[in-house]
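Participant: My questions will all concern the structure given below.
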Amino acid sequence: MRILLVEDDDLLSRILTDHLTAQRYVVDIATDGVSGLDYAQAAAYDLIVLDVNLPQLNGIQVCQILRQRQYPVPILLLTARGTSSDKVIGLDAGADDYVVKPCPVEEISARIRALLRRPRVAGTPVLTWGNLCLDPATYEVTCDRRLIALSPKEYGLLELFLRNPQRTFNSSSILEHLWSFENAPGEETVRTHIKRLRSKLKAAGVNDLIDTVYGIGYRLKSAPVSRSDSGAEPSVATAADSATEETARSAVIAAWDEFKQPILERVALVDRAVVALEAGNLPETIRQVAAEAAHKLAGSLAMFGFPKGSALGKVLEQMLQSPQPSDLAHLKALTTELHQVLHQHEQSPETITSIQPSSSSNQLTSQWLVVDSDVSAAQALQTEGRKLGIQIQISPNLKAARSQFTAGAPGVILLDAALVSKLDFASFQPFSSEGEKPFVVILTQPNDFADRLVGIRAGIHHFLLKSTPPDELLLNVQNMFAQKSLPPIKVLAVDDDLMVLNRLQECLQPWGINITTLSTPDAVLPTLESTQPDLLILDVEMPIVSGIELCQVIRSDRTWNQLPILFLTARQEANVVSQIYQAGADDYISKPFTGSEIITRISNRLKRNSLLKQIP
């Protein structure tokens, strides 16, 4: 069965996805309300799990829109708001059930099973065809009480046909029901699974269950008369539900090792804010990041069996909204207790700093090197690094640094631009591990074109201003590393404000995104032809031709009517937002915007566009 999960907390969505996948559900993930609507309309789902607090459109709005469109699928709302009035609003919006976070993941899956049972309450929960029985509660298939061993996809195929005995499925619709967008194979895979399922059923004594309708697809044949069809309705096996839940619970416990590191990183962000408050200097950016981390801890820790951790996360989130020096003792006590809660169930006495990241090339190493003759600046980075669990070594130049790494290699090198005059690719070979070049970021001065050019020629494409505060600089490096696997992207931006265009270039170019800018809309069509962008950014209000009119022109062109279009606007009125979407826009961002926001929106939109292209 297929479930759509709409959740903007990446860690929480991964926990739920792993848990549900272990129970043989196919799960698609959307990270905002608009994408959730797109997914719901693009595929056939058996149930939607919908977070209330979503960007762009919140869960209540998404639920209302789906019900207005006569969308019949059960909807389960997730929210941190547990008052009676909140529940009434959610249920009145059309939700079928309401779960208050934090809660154990087992409770969510139990609610899902209950919702999926509702349409067939009057009938038997066991699906039968002759002497063949499929029990959704235990995921067992039997013939004359003899167990038939099926793979998850073979089981899904059989369940699909048994639940829809009057329907004919082509290969595309089978792919839509049993595979997620990200993992959808070719139609040949469907034929292979059908063949294997038929073979296993035949070996078990079940012949001719699946009929081939040539030129159309496959359907379930009429069931033969069976002596077992005597009429007694089997009851729902609660013991089987318990066994299923125990298996899922074991999977969650096993998943703790996978998710422990990102959770501890969120705890470290809270720790950093407390340390900054104690030092008498808590920047707003650090406070906001810490409050968000505490919010996510509150929503996810209970799912790993840490309900007390979730409760502590809630209190920390509230206190970090406007922390005062008088709150310091309480905050320190809360964070200490949170560490104790997380470590009391550990099987080994590891500390946070002793947990090593994965050796995968996509995992950021904790061993960094700062090459800078400015000792005070390098030491400031080293101090901030300790707060994030990063081990930073300092060298005045590359030659001296080579002697420091006799074993192993730094995963990240931060290099002062003053040292790049004789830089080439060979400069980093001594730091390479198994042929992999380290992730190098050059710390530059404003408008330092010559040093950037030397870096580019040496194969370095990541630059940050050296004047950036140490805490922000380290976080920027982590974000850049996380995004380094993005494929090359070409963007065309049209805005009559040159400052906005310059800001876009500053935000996008460090990520390897090729951006072409136009200050007037009259050259848009020829520039589209010459640059072939992957995404178009438009300002709403421009002289002569507005961005909305320009969007309508582009959508009327068959060549570009599928091009993702992102709007920039300083206006938040409902009628303006409505005009943006009616013109054919895919998304919009409010001015002023941040670099991380625009990068995230571009990445999500291009990923979503790629998924839609895979839908037959």
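Here the Cβ of each residue, glycine as well, is placed from N, Cα and C on the backbone.
As annotated in TrEMBL:
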{"type": "DNA_BIND", "residues": "124-222", "note": "DNA-binding region"}
{"type": "DOMAIN", "residues": "2-116", "note": "domain 'Response regulatory'"}
{"type": "DOMAIN", "residues": "124-222", "note": "domain 'OmpR/PhoB-type'"}
{"type": "DOMAIN", "residues": "367-481", "note": "domain 'Response regulatory'"}
{"type": "DOMAIN", "residues": "490-606", "note": "domain 'Response regulatory'"}
{"type": "MOD_RES", "residues": "Asp51", "note": "4-aspartylphosphate"}
{"type": "MOD_RES", "residues": "Asp416", "note": "4-aspartylphosphate"}
{"type": "MOD_RES", "residues": "Asp539", "note": "4-aspartylphosphate"}
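For each feature listed, report its degree of burial, its nearest neighbours and the pertinent distances within the displayed model.
Facilitator: For the DNA-binding region (124-222), the model's pLDDT averages out at 83.
Each residue in the domain 'Response regulatory' (2-116) gets a DSSP state, and the totals come to 54 helix, 24 strand, 37 coil.
Residue density at Asp51 (4-aspartylphosphate): 26 other Cβ atoms are found within 10 A of its Cβ, drawing on all protein chains shown.
A 10 Å cutoff on Cβ-Cβ distances gives Asp416 (4-aspartylphosphate) a total of 21 other Cβ atoms nearby, all chains included.
Less than 8 angstroms from the CB of Asp539 (4-aspartylphosphate) sit Val494, Asp495, Asp496, Asp497, Val500, Gly547, Phe567, Leu568, Thr569, each of them six or more residues away in the same chain.
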Participant: Can you tell me how far the Cα of Asp416 (4-aspartylphosphate) sits from the Cα of Asp51 (4-aspartylphosphate), in Å?
Facilitator: 44
